[in-house]
């Protein structure tokens, strides 16, 4: 590797990773609530460990959801269905400690997101952010999904690892797994090759390491990674510890919100610190991060920058963002100040405006809780639309 080249690494995890189990349970509960009550206020945290799951948090709703059933169904769907896997959806204990949302927070957000198909301008203006905070969105044109290459391939490999387990191709695989991909960038900051792939997968006790390594290369890596990105110098580490039988919540406790870099851009962009899963769309940690991605992706798709990072920031109880910042890392075709002006004029970034713009009061969140919230091609997510391209092009020419 020449001195002008650099390496960058990102990771992903499978849906059976303990932290991802927790994320999926939290979002499954959110979705069940939103199906029956689109205005439910939800902040649901989950902890999973050997033989049990516990859900805690604050939920305000007029409807009823059978939380233990949602938990068990989610764990079963992931694939923990037998005691010998270290976690069993039918025999695990499920505990719940749920409170109502604090009235102090509610009064900051409320003045009414009631049961209506349309939210009036007055209601949008009157709906404040549920907390202070800063959120980032990012996009780059180095992949068709407008995602950085390392996290793109990490997610693709992690998803493939799960697919070959579920479809029976590799019956000895178990749900827990991790992937890490290191990409080499040239002097023009373009991805040119994959330097290292690390895959660790939980497996049955009676399979050999040689068999695992051969099968993962054949059934997981080769179908996903183009041969043009691999060479004789590419390093493959498949189950480098030699054994991964004990996994999932039996191996490590899992918590909602501990995979925020996996959920976003793999460390390629900055992060405001707030997680997504288990939070209804009045929480700007989630909705504003989605809006920031929507803005950044449309800027790049419009050809106004090769890469773009958008920061939004909010004050609790205040509708308008306190700041909008855009960084194009020297790739912008127009001044960043002009992009900020165009964004202010063409995107409603008030909390209720984001909810309306992206139609977020729907049960769409569980599908985001594994394999990334951004750049997905397997599910239709509203913040991945590129429907503001023409508007932005016109705005920066004005």
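Using N, Cα and C of the backbone, Cβ positions are placed for all residues, glycine too.
It should be emphasised that the depicted structure is a prediction, and the values quoted were computed from it without experimental measurement.
Swiss-Prot lists region 'Flexible loop' for one of the ranges 101-111, 112-122, 123-133, 134-144, namely 101-111.
Highest Cβ count within 10 Å among the binding-site residues 17, 243, 259, 283: 17. Around residue 45 (K(+) binding site), the same-chain residues six or more apart in sequence whose CB sits under 8 Å from its CB are 22, 26, 55, 56, 57, 255, 256, 257, 278, listed in sequence order. Counting in whole angstrom, residue 177 (ATP binding site) lies 30 from residue 283 (L-methionine binding site) by their C-alpha atoms.
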